[in-house]
Amino acid sequence: MNYETCMKTALQLARRGAAWTAPNPMVGAVIVKNDRVIAEGWHRRCGDLHAEHEALNNCRESCRGATLYVTLEPCCHEGRQPPCTDAILQSGIREVVIGCPDPNPQVSGNGIRILREHGITVRTGVLEQECLAPNQAFFHWIRTGLPFIALKYAMTLDGKTEAASGNSKWITGEKTRAYVHRLRHEYTGILAGIGTVLKDDLMLNCRLPETRDPVRIVCDTNLSMPLNCSLVRSATRCPLIIATCVTDKNRLAAYERAGCRILTCRRKHGHADLRDLMCRLGKMEISSILVEGGSFAASLLEEHLVNRVVACIAPWLFGGELSKSPIGGSGVFNPAEGIVLRNTKMMQMGTDYVIEGDI
């Protein structure tokens, strides 16, 4: 069995933890001895055993002289779980093959160093780019303290998000909407503006089986969300954060009694300061956020807070000047000033197309 084959298996295991491990990274591990896999493991949920620990626990024979394949550098600090390096050293593992380094300052090369200092052969960079990809959000959050933000919107072929009447249900088909709910499962939080909430009385939850609901966040500068809306009425069952500039304790108290969490943000240009909001959400371990379009999409882009764009495009033509487009603001003056997406991919969902790209 070669290095890449074993690392691909570890990667497949890592992806099983998608969404459940946040804010921790997805990690998979495979133990190989005498050219055969003797144990596997992955990090299942935040707070559960790390992948290396689980693989070692699953091993039903001696690991002495075996090779451990792991998608991310083993941790060497005490967190929610004990250091993985300690468990590896005690197991008798002879060689550790690592997909990519851990950017967490508490690890960041120290895990590799400790293993080597104790005589373990360490090989790094095996399928590194493939191992980096599933944990883009984690790496961004660890390095910047800010959530990884994906801006999602649905539009027609002529770039309209709603008809002239304001009606937008439904532009995209069932397969695309199911894909969007899958994204809600995969992101730690979901963010919408108060305008979208007032218009559609959203729940912002995930309606697929065996999935988790993201933390719901509403940017409501002047605290105009009705107390009887679906979001507030469900706040005790599914977390709801309201970001506002209102400081009146009496007004805030009614929402807090309903189970909402209030984040009072700085005001910038008449609205809640989005960068201030993202800093605070990052400190709350909300490591990734799916943004449901809305009027502040342009502001997020102008603040350089968006990391990915997910455009769901349906084969409709609405036309007209009254129909809205997904990104407002003043726009760019010259084409050269536009934002160019990289690592783009296109997927067909029924009759729709979903285009994703990184900024």
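Cβ atoms here come from the backbone N, Cα and C positions, even for glycine.
Annotation comment: TrEMBL describes 1-123 as domain 'CMP/dCMP-type deaminase'. The Zn(2+) binding site annotation in TrEMBL covers His50, Cys75, Cys84. Residues or ranges marked as active site, proton donor by TrEMBL: Glu52. As annotated by TrEMBL, NADP(+) binding site applies to Ala154, Trp170, Thr196, Asp200, Thr221, Gly294, Ser295, Phe296, Ala297, Ala298, Ser299. Residues annotated as substrate binding site in TrEMBL: Ser168, Arg184, Leu204, Arg207, Glu292.
Nearest by CA distance to Glu292 (substrate binding site), out of the recorded positions Glu52, Cys75, Cys84, Thr196, Ser299, is Thr196. The Zn(2+) site is defined by His50, Cys75, Cys84, and by the 8 Å test on Cβ atoms against their centroid, the other residues of the chain that qualify are Val27, Ala51, Glu52, His53, Pro74, Cys76, Gln81, Pro82, Pro83, Thr85, Ala87, Gly111. For the pair Ser299 (NADP(+) binding site) and Cys84 (Zn(2+) binding site), the Cα-Cα distance reads 42 Å.
Looking only at Cα atoms, Arg207 (substrate binding site) sits nearest to Thr196 among the binding-site residues His50, Cys75, Cys84, Thr196. Other Cβ atoms within 10 Å of the Cβ of Arg207 (substrate binding site), summed over all protein chains shown, number 12. Max Cα-Cα distance over the annotated NADP(+) binders (Ala154, Trp170, Thr196, Asp200, Thr221, Gly294, Ser295, Phe296, Ala297, Ala298, Ser299) is 28 Å. Packing around Ser168 (substrate binding site) is summarised by its Cβ count: 20 other Cβ atoms lie within 10 angstroms of its Cβ, all protein chains included. Of all the recorded positions listed here (His50, Glu52, Cys84, Ala297), Ala297 has the Cα closest to the Cα of Arg184 (substrate binding site).
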